[in-house]
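Working notes, structure below.
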Amino acid sequence: MSRPSSTGPSANKPCSKQPPPQPQHTPSPAAPPAAATISAAGPGSSAVPAAAAVISGPGGGGGAGPVSPQHHELTSLFECPVCFDYVLPPILQCQAGHLVCNQCRQKLSCCPTCRGALTPSIRNLAMEKVASAVLFPCKYATTGCSLTLHHTEKPEHEDICEYRPYSCPCPGASCKWQGSLEAVMSHLMHAHKSITTLQGEDIVFLATDINLPGAVDWVMMQSCFGHHFMLVLEKQEKYEGHQQFFAIVLLIGTRKQAENFAYRLELNGNRRRLTWEATPRSIHDGVAAAIMNSDCLVFDTAIAHLFADNGNLGINVTISTCCP
């Protein structure tokens with residue numbers, strides 16, 4: 001989608017660096033879109049999958065599909081006796097030849113199998129060669145991922161796997177919750193009750209007290225097309241001495257689902273307009289990377305004041321579906 005035109009961005013409710021006040025709803029006129037006023041807030045093992053190893057040449061890519069008992073037996077040789085994840089290169093053994101993964105090894109004083117010494121470190125080069133010829137299951141196979149991967153590709157895939165647990169998407173709240181996609185909205189409604197939800201494809205996101213000092217987040221939910229979208233406006237000092245606002249829309253859903261939608265943010269007033277149109281990001285991706293790359297609506301405090309009214313900034317938010 002396009003970058004902001006000579007019109008502008010839009011934003012919403014804080015979940016940030018001070019205790020969040022209750023959102024106030026701005027009375028809407030008869031026909032216009034819904035509007036919510038959001039007050040600024042203050043600062044704010046997975047089990048090893050059923051084995052699905054496939055023999056491949058060294059460095060050979062991933063795959064998916066049924067696996068033989070022999071493959072299961074082979075990959076089971078790499079299971080860590082402590083966490084039951086796989087022991088991947090560099091592979092270290094105790095003096096008796098037992099394996100333990102590098103993460104668990106750092107927490108142990110002796111071998112969990114024979115109680116022998118773990119030092120000095122002894123590389124098991126033979127097992128490393130075998131590991132390079134095997135495809136390992138993704139650690140999230142138990143929740144639906146069917147990929148098997150070379151050990152060099154496994155960590156990177158698992159960092160972005162669609163089947164990994166979802167984290168709380170509320171920015172600035174330092175919430176450590178994790179769970180399934182189906183449980184995200186329930187978590188937000190019970191643990192973050194100050195977040196307002198508005199219904200409809202077109203709403204007005206009214207962020208209040210935008211002149212608050214320091215880093216502040218405004219967050220609001222928008223419900224339409226059978227999905228929930230999270231509207232986020234962040235104010236932060238990305239560059240020293242230069243505060244900026246970043247506005248973005250996230251889908252409470254997968255990356256594939258997000259591709260079915262587009263959003264438009266618009267600042268409008270005083271015979272000026274600033275717009276941004278893009279595809280929403282999945283909450284699996286979060287907002288940090290988008291802000292780092294300025295892949296969202298970005299404007300500084302001077303621009304914000306052109307559209308603000310007594311320290312309050314209204315952003316028009318429109319969600320639409322994309323043609324297949």
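A Cβ is built for glycine as well, from the same backbone N, Cα and C atoms used for every other residue.
Annotated features in Swiss-Prot:
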| type | residues | note |
| --- | --- | --- |
| REGION | 1-42 | region 'Disordered' |
| MOD_RES | SER6 | phosphoserine |
| MOD_RES | SER16 | phosphoserine |
| MOD_RES | THR26 | phosphothreonine |
| MOD_RES | SER28 | phosphoserine |
| COMPBIAS | 33-42 | compositional bias 'Low complexity' |
| MOD_RES | SER68 | phosphoserine |
| MOD_RES | THR119 | phosphothreonine |
| REGION | 130-322 | region 'SBD' |
| BINDING | CYS138, CYS145, HIS157, CYS161 | Zn(2+) 1 binding site |
| BINDING | CYS168, CYS175, HIS187, HIS192 | Zn(2+) 2 binding site |
If you draw a 10 Å sphere on the Cβ of HIS187 (Zn(2+) 2 binding site), how many other Cβ atoms land inside?
18
Can you give me the residues near the recorded Zn(2+) 1 site, meaning same chain, not CYS138, CYS145, HIS157, CYS161 themselves, Cβ no more than 8 Å from the center of the site's Cβ atoms?
LYS139, TYR140, ALA141, LEU147, LEU149, LYS154, GLU158, GLU162, TYR163, ARG164
Packing count at SER68 (phosphoserine) (other Cβ atoms within 10 Å of its Cβ):
12
For the region 'SBD' (130-322), provide the mean pLDDT of the predicted model.
93
Using DSSP reduced to three states, classify HIS192 (Zn(2+) 2 binding site) as helix, strand or coil.
coil
DSSP-derived class (H/G/I helix, E/B strand, else coil) of CYS138 (Zn(2+) 1 binding site):
coil
Going by DSSP, is CYS161 (Zn(2+) 1 binding site) part of a helix, a strand, or coil?
coil
